[in-house]
Amino acid sequence: MSFHKKIRRDSEKTLKSFKYGFDGIASAVRSERNMKIHIMIMILVIIAGFLLKITMGEWIACIILFGMVIAGELMNTAIELVVDIIMPYQHEKARRVKDIAAGSVLVSAIAAAVAGFIIFVPKIMALI
Ligand SMILES: Nc1ncnc2c1ncn2[C@@H]1O[C@H](COP(=O)(O)OP(=O)(O)OP(=O)(O)O)[C@@H](O)[C@H]1O
């Protein structure tokens, strides 16, 4: 295979991987109530960030935390689906797997909430 053909085939594969990833995000947003809530909170934080003129460092912290929470929720959704496929019945280990996966989202959501509190509360207090 020529070099150019290989480059074209590799870039088509990469584009397809992006499409599969975006399809996965869209499917999780459609099916998961918590994902909708995370996205709503993210939009509100972005609006508050512009209104309260947060600094570049604060934006970077918010962006990293948005990524952590949403990636965590996607991984949790994928784990829930795998558990539902391989264990459609009640099982102690299935319960633990789902609870631990949910716990990982909770850890990043708490970190995001604490960081949000530290960034936004002083700015809101300064307005009052
Ligand atoms: N197969 C199972 N065996 C034992 N316990 C389970 C099983 N499936 C779910 N559970 C328990 O029920 C809880 C809720 O599971 P479920 O699959 O409904 O997820 P969920 O909390 O609705 O997640 P989400 O809100 O993200 O859809 C789990 O955290 C777990 O404690």
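Cβ atoms are placed via backbone N, Cα and C, with glycine included.
Per TrEMBL, the feature divalent metal cation binding site maps to Glu32, Glu80. The secondary structure of Glu80 (divalent metal cation binding site), as reduced to three states from DSSP, is helical. On its own chain, Glu80 (divalent metal cation binding site) has Lys98, Ala101 as residues at least 6 apart in sequence with a Cβ closer than 8 Å to its own Cβ.
The transmembrane segment feature in TrEMBL is assigned to 35-52 (among others). Long-range contacts of the transmembrane segment (35-52) within the same chain: residues 28-29, 58-59, 62, 66, 69-70, 73-74, 77, 109, 116, 120, 123-124, each at least 6 residues beyond the stretch ends and with a Cβ under 8 Å from a Cβ of the stretch.
Residues or ranges marked as transmembrane segment in TrEMBL: 58-79 (among others).
Sequence-distant neighbours of Glu73 (substrate binding site): residues of the same chain at least 6 apart with a C-beta under 8 Å from its C-beta are Ala28, Glu32, Asn34, Met35, His38, Val105. Per TrEMBL, substrate binding site is recorded for Glu73.
Among the features that TrEMBL reports, active site, proton acceptor is placed at Glu73. Under DSSP, Glu73 (substrate binding site) is assigned to a helix (H, G or I) in the three-state scheme.
The transmembrane segment annotation in TrEMBL covers 100-121 (among others).
Within its own chain, the transmembrane segment (58-79) is flanked in space by residues 24-25, 28, 31-32, 34-35, 38-39, 42, 45-46, 49, 97-98, 101-102, 104-105, 107-109, 111-112, 115-116, 119, which lie at least six positions past its ends and keep a Cβ under 8 Å from the stretch.
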